[in-house]
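First up is the structure itself, then whatever we jot down about it.
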């Protein structure tokens, strides 16, 4: 009897036997119910043994159509085997008692002596059946062993990728923190610009008889600087957003690779690993400095215009001030506050020592300063190089006084 389907059509992909109580998954693949439960227990996750797609069902439905087809197939094969035990040779009408090892087919005693099977090797039918079954068992065991080794390799590589993903996720966190810091810096730039604008207007109101045109020029310069640096910050934030998006896509792509079929996963493994390494660029701060716009503005009520031109008061750089130092509006005085101010942690700012720098430096000549300390019980004044470290131990010269 000729079958419409072969045994392969009704074989479970896990045990390689005819399906027993087959269940169907959402991906349309069918597996023996017992085989699927054992596979899930061994794997530790609910996924299809064929395509590795995740399953949301704890108890997949029974594939009744496939179950009926398997039962019909087994019945027909059993009937065929029963009738086959009495099958006779189509050429000599003799019972098939031998198996030709050369031609791999059952023969009768007359066929053994025919020219077609001359010098061929034979064995009894029963021995041939036993040998074939042994070979089938060995092949099945080898396939099972290969499957286990493959699964172990997949698990090992997945663990390796999980470990490699951690630094990428940490980099993503660094990028997001950096973006937040830059956004805060951009807001601080806006506040600085507004504060500086108020200073410029207040001081130029006192000097409008002398410098009516200078006020307009400096306001324009401030506007241009604010626009330019805000544009630079906008571009950097947009670039960082693209970097974050790219890094997120990389992580998502790697996670998708981990869910791919075993062979495809192993083929793309090297390329996937190469995408793991990425070092973020060092950030830097863009600031609106009040110093260039206010360096000519300090004005003493009792002074004259000529007196102000020849004197060169020290203008402080508030972007370098320690968060506990409060700078005066005219940028010429500083005092110690009770609490830290919420200021950007830019590279120029001191964070360990209570210091602030002047806005302009010098590289030669003789210099002296008049400093009003008032009733201050502790004060210090000195000099340091512009390139000195602001976040660690300072290399400086200073003169200090402490009243006990």
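Every residue, even glycine, has its Cβ placed from backbone N, Cα and C.
Quick look at what TrEMBL annotates:
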type	residues	note
COILED	219-257	coiled coil
DOMAIN	12-52	domain 'RING-type'
DOMAIN	84-125	domain 'B box-type'
DOMAIN	294-404	domain 'B30.2/SPRY'
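For the coiled coil (219-257), the predicted model reports an average pLDDT of 87.
Counting residue by residue with DSSP, the domain 'B box-type' (84-125) contains 9 helix, 11 strand, 22 coil. Per DSSP, the secondary structure of the domain 'RING-type' (12-52) breaks down as 11 helix, 8 strand, 22 coil.
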